[in-house]
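Database features, via TrEMBL:
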type	residues	note
COMPBIAS	108-120	compositional bias 'Basic and acidic residues'
DOMAIN	193-230	domain 'UBA'
DOMAIN	302-339	domain 'UBA'
DOMAIN	365-404	domain 'STI1'
REGION	93-120	region 'Disordered'
REGION	239-264	region 'Disordered'
Amino acid sequence: MFVQEEKIFASKVLKVHICTMEGTEWLEEVTEDTIIEKLKEKCLKHYVHGSLEDPKTLTHHKLIHAATERILTESKTVAEENLKDKDCLLLIKKRPPPAPPKMADISSEEKKKQENKAPDKEAILKATTNLSTRNTDRTVTQHNIRDFQTELRKILVSLIEVAQKLLALNPDAVELFKKANAMLDEDEEDRVDETALQQLTEMGFPESRAVKALRLNHMSVTQAMEWLIEHVDDPMVDTPLPGQDTPGAAAAAAPAPAPAPSATVSGARARLSSQASLEEAKQDELTEIFKRIRRKREFRPDSRAVIALMEMGFDEKEVIDALRVNNNQQDAACEWLLGDRKPTPEDLDKGIDTNSPLFQAILENPVVQLGLTNPKTLLAFEDMLENPLNSTQWMNDPETGPVMLQISRIFQTLNRT
């Protein structure tokens, strides 16, 4: 006997309970593969007793699963909606969308907006044409208001000079700087991202090179990897970062020559000469330390930003200058290159007027005075000069934070007055 294929694979028939808002109830038979939209159409035909003359009737109704209170998706099947035998479904008319506002209402709303709108420049000039001119110096006063971040660099440049002179007078200055510098070196070593280092070493790069690349590229794995690939044939790739050795250390460590036996005057001269040479050696070593700090804290341009800006046709030197002036911000650097290029890189190295009321007020502050005798403060100032984004780190430091806070408060106070 021949059996139709569709009857062999026929879906399971379910009986679902349908209810309407008017209280009408009936049982509807449906297979599991029936689409919800077809089930809704079938229910509506039973509900209106015949064909659906108005096609909108179908779209204006929805089926809701009573137990879970969820609206059934019309494109899904009964099985996909997980309907069971004897489940209860609600056939409900959808809420009509809000009627569009009338033209009269729209015009009144627009009129209210226009009434509440602030006057533009043209309207202000028209309304004030016949008024007499007063307080003409007000505009000049507003232009004199300075931005703290802009002035901070000038303040730091001048404070660094003062701090160097103060610390040079300290007999233990060299040792203090060695300790402070070593402490910062340890901090830098601790800040090496272990996860980033592991990623680079797993790629096959030597650990020492990977550490150097990460430090040069602010712990960015992508930029460090690009740097390693670019310098794979560089014979200096394994050279330690600048500032590892102190050339002047041997000069300071060398013992002073003993004065030769001679007359009293000759001995005194020799001792004076020996002390002068020691002082000179100490000054030389301090100078070398200052140079080493600057080399280690020197500005490091973002390699990706350099490449992107050079592809626009700018020279590498002017690109680096632009990034230095704009704190490695690519968009701001691009605007600087396309604009009047103010401030210039040379302006970054100019300090504040040492005779200005602002600088005098800063120097007279006892917290600042105490901070300038701390080598760590000088190192922090040097770091913030070349990497302004590190200012937050130093503001939160227990030693340098109070100094920065006092500088900010003094600036804000004088700037308002």
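Cβ coordinates are placed from backbone N, Cα and C, and glycine is handled just like the others.
Caution: TrEMBL annotation is automatic and unverified by curators.
Across the domain 'UBA' (302-339), mean pLDDT in this model comes to 86.
Residues 217, 223, 226-227, 345, 348, 388-389 of the same chain lie 6 or more positions beyond the ends of the domain 'UBA' (302-339) yet place their CB under 8 Å from a CB of it. Counted with DSSP, the domain 'UBA' (193-230) comes out as 29 helix, 0 strand, 9 coil.
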